[in-house]
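Asks: Grabbed the feature section from Swiss-Prot, which reads as follows:
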type: BINDING; residues: Glu33, Val47, Arg94, Asp294; note: FAD binding site
type: CARBOHYD; residues: Asn283; note: N-linked glycosylation site
type: SIGNAL; residues: 1-19; note: signal peptide
Amino acid sequence: MGSFKVIIVGGGPAGLVAAHALHQAGIDFVVLERRGSVVDPSGASVVLNPPAMRILSQFGLREQLEDAGAELNHVKSFTNAGYNLGAAQVIYHRPELVRIMYEGLPSDARGKVLTDKKVTTIHQNPDSDTVTVSCSDGSTYTGSIAIGADGAHSRTRQQLRQAMIRDGQPLSICDDEKPYECAYRMLWCSFPRPDSIPPGLGGETQGVDRTLALMVGKASAMIICYEKLSEPTRERVEYSDKDMAQMFESFADWPVTETLRFRDVFDSRTAGMANLHEGIVKNFSKGRVCLVSDSCHRYTPNAGLGLNNGIQDVVALCNEIQAAVEQAGPESEPSQEGITKAFESYLNQRLKLMKKDLRGSALLTRLQAWASTLHYIMARYLLVPDWVQRLTINYVAVPTMRQAPVFKYIAAEEPYVGTTAWVHPIKPRTIT
């Protein structure tokens, strides 16, 4: 496949999925992670949906993932006064998920995941059809394309925007410097799972403009408190310990289960606080640089759609990259035209669902926080009956999930077979 090489900016879950995918395709890569360690012990919990589990199973990680995760099999809903609503959802401690994904890479591929690499500039070299990424430690990396998987405050996205401005593109076409709006903020903390709380339990405690959510894994649990801001903002906010303490006190007596309040389990040592970003960028690529996951779209976490969408981004993009490289042949590389076509095809596959899930996440956040009288009535009464939830699952969630793509070039056993068939079957292994 010639000397085609991909530079992945960001070593989080989406970046590691890209590393696995490119390794499986036989395409050279390097991952540049700004933190000192790939596995950050302070990470929050995440929920993987069946399409995401199916994709990670293509990497041979199914057994490790099933051992570490807890299926979300029981969900309870409360009001902040403690009344049981009864409602339904599936859990991972993020550091454990990242560890499994990182250690699941072969040793030679793990050696390409570099830490303490804070990206400063990304320069596209039109004369040589390459892109050069520079880091704050003075190191530089040159590749055929760069993939930005570096989060909500993406340096890759900033560099893409600056390149468009340098090329004379009007600001109305360019993304805002801060493209995501924040209407809510969150306080989260993780803690060892108490014996009184079974693995796989999820819960939500609803109030006016506020929600408390519980996710319980096998060894640890996570609580996230959501609160509406006094007014929306696009500014990045760094919250202090005092801010966290004040928000904690305002939620301290909210019920987590029938017998536990938030103050019973809160641990400030494993807590964090941040604004919740929402939005989708206008520009996903330019030249030889392309964005995936949080660098190009952000959802509130209530519906658990952020990482799951990021994984789908990587699947669609890497399928196109692999096809372009294969078409170019072993002695050549894809032309700029071929790269552009691959990036455009990726976006065409993903944009409609991105927008749909953005709307769905925003709606769920506002339902759970009783953002209006209508949201309150829907959350407390109209959406509570089991038959309504079954209809939502069977006629909204399942038809969407069954259409999720997989890596076309990775052969594996189909891990999930049910009454509803997947639209895109996994390539079967060839028996020799």
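The backbone N, Cα and C atoms fix where each Cβ goes, and this holds for glycine too.
Model, not experiment: these values are computed from the prediction.
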Asks: Taking the residues Glu33, Val47, Arg94, Asp294, which the record names as binding FAD, find the longest CA to CA distance and state it in Å to the nearest whole number.
Replies: 23
Asks: Could you round the CA separation between Val47 (FAD binding site) and the residue listed as 'N-linked glycosylation site' to a whole angstrom and send it over?
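Replies: Cα-Cα distance, Val47 (FAD binding site) to the residue listed as 'N-linked glycosylation site': 28 Å.
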Asks: Cα-Cα separation of Asn283 (N-linked glycosylation site) and Asp294 (FAD binding site), in Å?
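Replies: Distance (Cα to Cα, whole Å): 13 Å.
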